């Protein structure tokens, strides 16, 4: 069957350039040719010198690297494209496991302890259910945009500049970069808190140094090391979540531990909501909302893999379905089970004010019921999970920073890619930011955790709002310019109204979080400036960058005119007739399949 994809006339045809190591290989051969003598000892010594020289030489700038500027956009937006690309050395097994496990870290495994302590299990479940709907709407919007613009430089970070405004794009993209920059020290701090479950008198800096050096070693030796370590880390995380679900059900039913049947005991005593007035309980739900955004953070990254799929029209619905299962099983189900097995007044939960406030609720779900050995295994896997997210942050942040430099949004000196495909200067900058993690040895460890987690959580609100608002603007621009949606390869199941709801809900969360930050829970309704900036720092930071870009560039465009948006820039246009023919053939093929195949296709 013919290909349904018709390339637009305005779509760029930039030739890919593969950075090779031929020069290094020739240098290596030159340096070792002289060693081919009868003396085996001399040959061995020269070979070792050649390997050392090759490793050192790999840190030099890739000779072919240069930037090309494209001014094709009608609204004047420039796309800075490099004709080299970062090395892609990961295999399909790496990508599959990362899509399942990446993002399962501090937000889900540790930060929810404070939410459970302050708000109770009822607020925890309500907050996660509400954010789950927005997550699905965002995934649908991102899927439609990703299939339509699979090769757009900057991917979903570029949507804002094209469909909204350049100032909105600058502020949101930089905040997204800052989010990943803060994740590294955040995870290092969390790792020290996790270790304190075993020994709370140990110097946290010892483990911070070990984990920090380990992460630097991985990333300065290339992407292959990152791919293999992430495959192992994510495998452990998925197995732990599956085992935790089974264990929690067994404990609750009285099959393990010393408490017998638990059922909904903790929802009655100490209760499903934390003590206090109705306003305090509502504040608890508002607090959980931002915590949930932090936990769901990273799920939007599935869009990045769309341009690597042979048939995005078919793979995107599959990815959307899997995101639903990830939401229902990994997030909602585990939150419900934690609420059933961990009382919210336990003094080991972070934020409870107890003497040992460093335990994850996943660990407490087993340890407080006197289940032996298992809590230590869970805590060890949580430690692996935390290091895994720090590993991902040190992989994503430098590449995002390098991309910002290529687009003209960051200093050009950060656009340095060495011969092994490492964004070297950006990697050094991100590594220096990780030094913030050494505050773990100070008494302000939990306070630093709150600051960093708040930046990351609110950043997701801006990023997701940008994706959904760009989707709305894309649909409107298509209508204004007389384009048919039949040209779109994948249309969001939730339509444009899902994006409207998501943007509206995010605005409500911003306002609710402002209230909670200004008058935090447990402060007697009094305002607290320090607590406000701890919880709401990302918002004034975004406003500063948004206004600063407007003033500096003297560009006060609030929204790009719909009729001026270049819809064809890096757009993939599909033939409606061929798509209908494909859909009919797929329906007929599915109709003639076995019941097992039909069930599988329906659910997966």
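Just so it is clear, glycine is given a Cβ too, placed from its N, Cα and C backbone atoms.
Annotation source Swiss-Prot lists phosphoserine at 14 (among others).
The phosphoserine feature in Swiss-Prot is assigned to 79 (among others).
The feature topological domain 'Cytoplasmic' is assigned by Swiss-Prot to 1-95 (among others). Confidence for the topological domain 'Cytoplasmic' (1-95), expressed as mean pLDDT, is 44.
According to Swiss-Prot, the feature topological domain 'Cytoplasmic' maps to 141-169 (among others), an assignment based on sequence analysis.
The topological domain 'Extracellular' annotation in Swiss-Prot covers 191-206 (among others) and is backed by sequence analysis.
Residues or ranges marked as topological domain 'Cytoplasmic' by Swiss-Prot: 228-238 (among others).
The annotation topological domain 'Extracellular' is assigned in Swiss-Prot to 260-284 (among others).
The topological domain 'Cytoplasmic' annotation in Swiss-Prot covers 306-323 (among others).
Residues or ranges marked as topological domain 'Extracellular' by Swiss-Prot on the basis of sequence analysis: 345-377 (among others).
For the topological domain 'Cytoplasmic' (399-423), the DSSP-based tally of helix, strand and coil residues reads 11 helix, 3 strand, 11 coil. According to Swiss-Prot, the feature topological domain 'Cytoplasmic' maps to 399-423 (among others), an assignment based on sequence analysis.
Marked as topological domain 'Extracellular' by Swiss-Prot on the basis of sequence analysis: 445-449 (among others).
In terms of DSSP helix, strand and coil, the topological domain 'Cytoplasmic' (471-502) has 21 helix, 0 strand, 11 coil. Positions annotated as topological domain 'Cytoplasmic' by Swiss-Prot, on the basis of sequence analysis: 471-502 (among others).
The topological domain 'Extracellular' annotation in Swiss-Prot covers 524-531 (among others).
Swiss-Prot lists 553-604 (among others) with the feature topological domain 'Cytoplasmic', giving sequence analysis as the kind of evidence.
Marked as transmembrane segment by Swiss-Prot: 96-116 (among others).
Within the chain carrying the transmembrane segment (120-140), a Cβ under 8 angstroms from the stretch's Cβ atoms is held by residues 112, 266-267, 270-274, 281, 284-285, 287-289, 291-293, 295-296, 299-300, 302, 319-320, 323-324, 327-328, 331-332, 335-336, 338-340, 342, 344, 464, 467-468, 492-494, 498-499, 501-502, 505-506, all 6 or more beyond its ends. Per Swiss-Prot, transmembrane segment is recorded for 120-140 (among others).
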*Counting each residue once, how many in the topological domain 'Cytoplasmic' (141-169) are helix, strand and coil under DSSP?*
21 helix, 0 strand, 8 coil
_Can you see whether the transmembrane segment (450-470) and the transmembrane segment (503-523) are touching - at least 3 CB pairs under 8 angstroms, only pairs 6 or more apart in sequence?_
yes
*Considering only Cβ pairs under 8 Å, which range in 170-190, 285-305, 378-398, 503-523 makes the most contacts with the transmembrane segment (207-227)?*
378-398
*the transmembrane segment (239-259) touching the transmembrane segment (324-344) per 3+ Cβ pairs under 8 Å rule*: yes
*What stretch, picked from 239-259, 285-305, 378-398, 503-523, has the most CB pairs under 8 A with the transmembrane segment (170-190)?*
378-398
*With DSSP as the reference, give the number of residues of the topological domain 'Extracellular' (191-206) in helix, strand and coil.*
8 helix, 0 strand, 8 coil
*Would you mind splitting the topological domain 'Cytoplasmic' (553-604) into helix, strand and coil residue counts from DSSP?*
29 helix, 3 strand, 20 coil
